[in-house]
Structures are given as C-alpha cells and as structure tokens.
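I have placed the structure first, in the form of structure tokens, so that the comments after it can refer back to it.
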Amino acid sequence: MLRKFHSLPGLLAGLFLMVLSVTGAVLALAPALERASAVIPASGEVSIAELADRIVAHYPGTEQIVREPSGKVIVYYSRDGQAGADLVNPVTGEGTAPYEPSAFFSWIKDLHRAFMLDDAGRALAGVLAVLMVLLCLSGILLIARRTGGWKNILRPLSGSGGKRIHAELARFAVLGLLLSALTGSYMSAQRFDLLAEAPDTGPRFPADVSGGQPSPVGTLKALGNFDLGELRELVFPYPGDPQDVYSLSTSGGSGFVDQATGELLQFQPRSDGSILQHWIIRLHTGEGLWWLGLILGAAAMTVPVLSVTGATIWWQRRRSSGQLPDNADPAQADTVILVGSEGNTTWGFARELHSSLNKAGFRVHCSEMNALAERYPHASMLFVLTSTYGDGDAPASARRFMARIGDFRAEKNLRYAVLGFGDRQFPSYCQFALEVDAVLARKGMNRLLAIELIDRCSAAQFSEWGNRVGEVIGTPLFLNYCALQPATVKLELVERADYGIAVQAPTSIFRFKPAEQGGWLTASPRRFKALPPFEAGDLLGVIPPHGQPPRFYSLASSANDEIVEICVRKQAGGLCSGYLHDLKPGDCIDG
C-alpha cells in the first residue's frame, strides 16, 4: 500500500514536478549570484545614517533606499523630473550600475510560481508542493523499510540500475526536497487563505511631529543606532513638507524617524507570525541564505532523474506482475504457488514455475502470499517463493502472511517447498524465507523438498532446484528463467596481465575497449564515445553467460584513460570470475 501511495502521485504529477524542480533549481542560483556581486561591509562598520548620508551626497533626489536579502543596496531617486534606480556601494555611496530586475529570472519565477496561468497555475503549484511532501515522506519510509529500519538508513543499498539510482538519489536529496515542499505548501496555503497570514498593519503614523527644520540625514540619532545589516527599507520624507517623517523598516520591526530631531517614533517590533512568515520565505527561496539556495537547487535537480527512474521502475514492476495465463481456481488447483515479492522480481521466477507445471499437466494456482486461503481442498503441493526485505522483514506481497497462516488448514497430503531469494552480502540473507519454512513445519506439514536459497537471482540455481523438484514429483521440469538485463555495451579485451598463479591465487588485470560496431568505428577516440562518462572507483557490471544477473567490479581507470580496466581474482566456483579468466585478447563481453 505504501508503495502505491508513493508511486501514483509521482506518475500523475511527474511532468509538472520536473518543470517545478528545474525552474526552482535555476532560481536557486539567483541568491548566490547576487551575493557574489554585492559589497557587504562588516557588522558595525556602517550605520543606516552613514549609508543614507553617503548616498544623498551622490543622489540629492533620493526617495527610497532598499537593502535586499543578498546584501545589495538599491537607491530610488528623482533627477530632472525622471525617476531612476541604481545599485550603490554601501561603503562609498556611489552608484555602481543601473538597477534592472533580471527579465530571465522574472520569467522563470512566473513559470515556477504559476506555470504562466495566474491563480489557476498558483493553485496547481500548491497542489504539487503537497504531493512532493507525500512523495518525500513515503519515499523515506520505503528506504527505511528497505534498509531494515531507521538505524540502517545510511547503510549501502543493494541492487543496481534504475532502482539503485532512484534510491541513492532520493536518500541524498530528500531533506532538501522536503524543506522546499513544506515551505512551498505553507506559502500556497497562505496565498489561498487556507492559513491565516500574519497581519501587516505596521505602526500608525505619528500624531505629534516636531515640524522643525530638517537635519542632515547623517546626523539623525535614531538612524545611527541601527546597523546597515538590519536595514530593509528607508523611505525619505516628501521634500519641503516639515510634517512628513522618515519611514524605517528593519529586520526587527518598523517605525518612523522625525526628520528634525532624529527621534524614533512609533516603533513596532515584528510579531512572531511575521518572523515565521519571513523565515518560511527565506528557507524556500534561499534569499539571504545563498548556501542553502545552492543545496536546495542541487536537491531539486534530482527530481527529473527520480521521475524518469520512478516511472521506469513502475513500468517494469507492472510488466513483471501481469496476469498469469491458465491460472487455476484455488479451490480446484492441485498445485499452489505463493509469491512474496517487494519489487516483483520474484514473480518472474514464479511465472516460469507456473508455466512449466502447467505444461506438465498440473492445475496450478499462483497468487501473492497475502492472498493465502484458509484451505486448498485439492492441492497436494505448495510452493512458496519469497524474497526478504530490509533487515529480515517480509516483502510487500507477504506482509499479512504470518497473520493469516494461523487460520490456514492444510490437507493431510499437502507437501510444501520454500524457495528463498536474497543476496549473501547482507546479514539477513533469506531470513524471511527461513521463517516461513519454520512456520509451515510447525503447522505439521511435510516437506516436498528442503528449503533452497537463491543468491542474487541466480538462474542456474533456480534451474537446478527445478530439476530436483522434477525428480521428486516424477515429472521433468525445465526451468529457464531469463531476467530482464540492463542495456549493455560490447567490450573487447585488448590486454591482460596475470599474477599470483604460482601461489594458487590467480589474479588478472583486464583492459577493455568498446568493440567495433559493424567495422566502421576504427579510431580509438571515436570508439570510446560509445561509453558513458566514468571515473576510477565506479562499478562495471559484467553480464556472465547463461542469462545470469550482472556482477560488479570496481574500475581502476577513468574515461580520460580511454581504457576500461578492472582487476579480478579468480574465485573457486565463481561463475563470472571464471568466465573472465578464460577470456583471451580479442574476446568480447557485455558490460
């Protein structure tokens, strides 16, 4: 259920989430770019009064001074009846460049916030933010379950291909994506009045103003008490109006300053709601937190990859769990196959067993372990094919099996065989299969065969197990499971160096290059473009013969070397290491 809860929102909203994430990643660059070009005086070096005094010296018609979260200072002024806006150096007060908001970033911001659709687009963006929260939470729960609990959340993940990429990227990016999604959801909820927005009434205009001769702005005591780093906005009084005042907005609050006495009037600290709202915006946009913006941008850039790999995983799972032809009714079946699977890999083996038994004349019913019936009145054989999830847990299609087994009534002639699937490199290798075998034995059932454990989906082990089953039931079974292999590149062995033969520890260094395709790729640099970029320490998956899953070896070279180099020690009985050690220069492998 959790997996469906995770995959369905991703499938429905994948394309829109990619647009939202890519535009968000682009916008995340803006705070860092603005900070890089801003002049930031040290704390306490420049007061607001000093800043205003320096700017007025260069811009006599100053109307407003704004300090952006990035640290940039903008002066809005009037000169010869024309309004203008310049970026200024806060240390000297001199203008550095005309201020013009970036048209590119404005367009990207509109696309990010509303998909160019005004309020309808904003509503869509808000819904997508909520969906991203659900995807993050369900995804991290799935990873925790896969690794055997929260304490193992950072341990190495098993698997390869799209599933491995999806899980590793998600684990890297989930905190950043969750922060962006939560803050985006909050902002959208406020936009549509689902959450109350902090009141922004501000202080009342002062009733008592001195009305005296205006003092130079640099001498105003109230402005001198605030550091430049606290400034948000300073609005100048209307020229020639002694009853007007300076309007001051800082990070701590807002108020007014008498232009004659320099007294601070009606200062109002910011409310807790206003501070929270301000921080929500900063955490979402990275404004004033350029380093956080870059982190959030990096997290956002994983979303297109997560969307594509997630859709691929869903499609492969759907294809592998398709309806079985000639699946007998459980009440009429003489043979029952129960399947425990997390990612539907085990279903491929179950289909092969189901097909072979059907061809042999048996009436076979196959279903997930969660669908265990109370009894199978005509069944004489029960096969349980199950993987183990995480740290010895039941896979998704077997989580209710242990609860249902208590009500199961086995016929006297019903014999069972358990086939477990796992990976020997993990400590809880086939643990759930062992528990299932034990609980069936405690029910008083007789074994058809002792439990068999399949390492890394070995088709050869599965075929051998099928031969033993055939011997017991008196009907030959030829189980030929062919796994879906990842896309490969044909590599030609160009050189090998052998060591350790004298001490019975044969170890070889193999050097490969992409094989010629149709005889036209003859120049080495052009041939090497057939490979994706790689670095030393990355893994090369080698497909052994007979449809086995890939074995992975650490690379000792990078793409710049124009060679694929691995070092492999021959293992006793090792299928892939033995295969590699039998290669001669000119032979090819799929990797």
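The first residue you see is number 1, and the count goes up from there.
Heads up, the Cβ atoms here are built off N, Cα and C, so glycines get one too.
Remember, TrEMBL labels are computer predictions, not curated facts.
Predicted, not measured: the structure shown is a model, and the values here were computed from it.
Feature annotations, courtesy of TrEMBL:
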TRANSMEM  123-144  transmembrane segment
TRANSMEM  289-315  transmembrane segment
DOMAIN    335-470  domain 'Flavodoxin-like'
DOMAIN    486-591  domain 'FAD-binding FR-type'
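For the domain 'Flavodoxin-like' (335-470), the DSSP counts in helix, strand and coil order read 52 helix, 34 strand, 50 coil. Mean pLDDT for the domain 'FAD-binding FR-type' (486-591) in this predicted model: 79. Note on the domain 'FAD-binding FR-type' (486-591): DSSP counts are 15 helix, 36 strand, 55 coil.
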